[in-house]
Every structure is written in structure tokens, then in C-alpha cells.
Amino acid sequence: MAKSLSITPVSGLSRLPWRAYLEMTKPKVVTLMLLTVLVGMCLALPGAVPLQPLIAGMLGIAMMAGAAAAMNHLIDRRIDGLMARTYNRPLPKGKVPVSHAATFAALLALLGFACLYWLVNPLTAWLTLASLLGYAVVYTAYLKRATPQNIVIGGLAGAMPPLLGWTAVTNDFHGHGLLLVIIIFAWTPPHFWALAIHRKADYAKVDIPMLPVTHGVAFTKTCIFLYTILLALACLLPVLVGMSGALYLLGSTLLSIGFIYKAWQLKYHETPGMAMDVFRFSIYHLMLLFILLLVDHYI
């Protein structure tokens, strides 16, 4: 008599903590970053972006950005476990072993670099690697713990994506691509300082010298306000060099006025939760600004 066979589903994949690995890549941050990469690609060319550098460039940059984020999780795992905003991350919670996280980050970086080097161009591969090291090593491992100007200095690494998109389709280091870097570079401090105000106690507890901890909240609010003005000026650069036109000028001006107004409210008429309102507005500001650059380019 034939033995009845019981089919047991293969549950290996279901046990794999893929969500934890995905979380370590900071997918929301990478998605916004990829928008700026795409805009850099599109603005670099008068017509359509060729398919190979578009797909391979986006994929390679995304993998290396995810690797940088995973390295950030690795380096910050001790302080993450002590902070209310980050204590539930995969490494502090033990969802992913440290050795597995390190292997994951290294493989992701290697695959991303290979994709860019062989399928896009070496210039983009090396620039992306420099950005990864700038964020994961220079900023996360050193600057973050060394100076209240950590965000200002380290912000350059996070501002590089549109230039990476530009070089991916042109294999050329162009000044117009650098203008997009300047915009994100000026945007980064008010974005992160608003969050730092909201999470001041957390940063103080783990001895991270964020500006509100070292110089006080009032001084930080002033810096945020001044940087929004600087950002508004930086946002005019694409128009001044003829890279963008009237639609972008109108839209970016309205966004700049909105950001400056939010920063003014934070400084002079703060209400509970205002710092996080500024933080959230800054995300929409950057997203809409780059969408405007894209739309203006094609009309």
C-alpha cells in the first residue's frame, strides 16, 4: 500500500527576515534620492534618456545607497538602541545578526559598484563609491560624533545623487549637475536640524553633538531660518544659468516662500510639534522642487 505523502511547504523564505533587511536600506530615503538621480539624468540630455544607463544607473545607485544605509545601521546600532526614534530598528532588536548585516551591506555595495562600473561608466561608479564612503564612514562613523557641524560638512555626500544621475548618462562632470548638488547641500541642514530639535533629548542622551544640544534650540532655529533663505537663493541657480524656465521659477519661488515661512513660524511662533512640521515640509519641498525641474525640462 502506497504511503500517503504529506507535502510540507518550504518555509525558508517565509522565515527569512527580508523586511528587516529592506528596512536597513532605508527605502523611503532611497526613493526620494532616486527621484533626484532621475532628474539629474533627464536634465543632462535634451531628449529621452537611453534605456541602459537609465535602468542600470538607477539600480546601481539604489543598491549602493541601500548599502550605505545598512552601514549606517551597523555603525549606529549601539546608540540606535538607546534612542526613542530608532530603538526598534532591526539590529538593536536582534532581528538581524551583526555579521549578516555586514555581509548584506558589503554584497549590496559590491553589486551596485559592479553594475555601475560595467553597465554605466567608471566615473559614476567611483563617484557613487565616494558618496557611500562619505556618508557611511566620514559622516556616520566620525563627523556625527565629532562636531555640531556634522550635517553641514557631511551633507555633501547626501547631496551627490543628481550629479550621479548626470554622469550616468553623459560620462561627464558638468557644472549644471553641480548646481543640483548645491541645492540639496543647502537643503540638508534645515531639514535635519528641525528633526534634531524634536529629538534633542535623544541626541543628548547618546552624546551626539547635534546643534540643538551644543548651541541650544533658539540658536538652531535661527540657523534653520537663515539656511532656508540660502536655499531659496540656491534654488534660483538653474534659472540663472538657463537650465530651467518660468514654470520652475514660479514653483520654486512658492516652495521657498513656504519653507521660509515655516522656519519663521518655528523661530517666532512655535507651537507643539512645529519642528516636525518643518521637517515634513522640507521633504515635500525637495520632492516637489525636483518634480518641477523635471516637468519644466520637458515642456
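Cβ coordinates come from backbone N, Cα and C, glycine included.
It should be emphasised that the depicted structure is a prediction, and the values quoted were computed from it without experimental measurement.
What Swiss-Prot says about this protein:
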TRANSMEM  29-49  transmembrane segment
TRANSMEM  51-71  transmembrane segment
TRANSMEM  100-120  transmembrane segment
TRANSMEM  123-143  transmembrane segment
TRANSMEM  150-170  transmembrane segment
TRANSMEM  177-197  transmembrane segment
TRANSMEM  223-243  transmembrane segment
TRANSMEM  244-264  transmembrane segment
TRANSMEM  275-295  transmembrane segment
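Of the ranges 123-143, 150-170, 177-197, 223-243, the one with the most Cβ pairs under 8 Å to the transmembrane segment (29-49) is 150-170.
A Cβ distance under 8 Å defines the sequence-distant neighbours of the transmembrane segment (223-243), meaning residues of its chain 6+ beyond its ends; these are 43, 175-176, 179-180, 182-183, 185-187, 189-190, 193-194, 211, 249, 252-253, 255-257, 259-260, 262-264, 266-267, 278, 289, 293. Among the stretches 100-120, 150-170, 244-264, 275-295, the one making the largest number of Cβ pairs under 8 Å with the transmembrane segment (51-71) is 100-120. With a cut-off of 8 Å between Cβ atoms, the residues of this chain six or more beyond the transmembrane segment (244-264) that come close are 190, 221, 224-225, 227-229, 231-232, 235-236, 238, 277-278, 281-282, 285, 288-289, 292-293, 295-297, 299.
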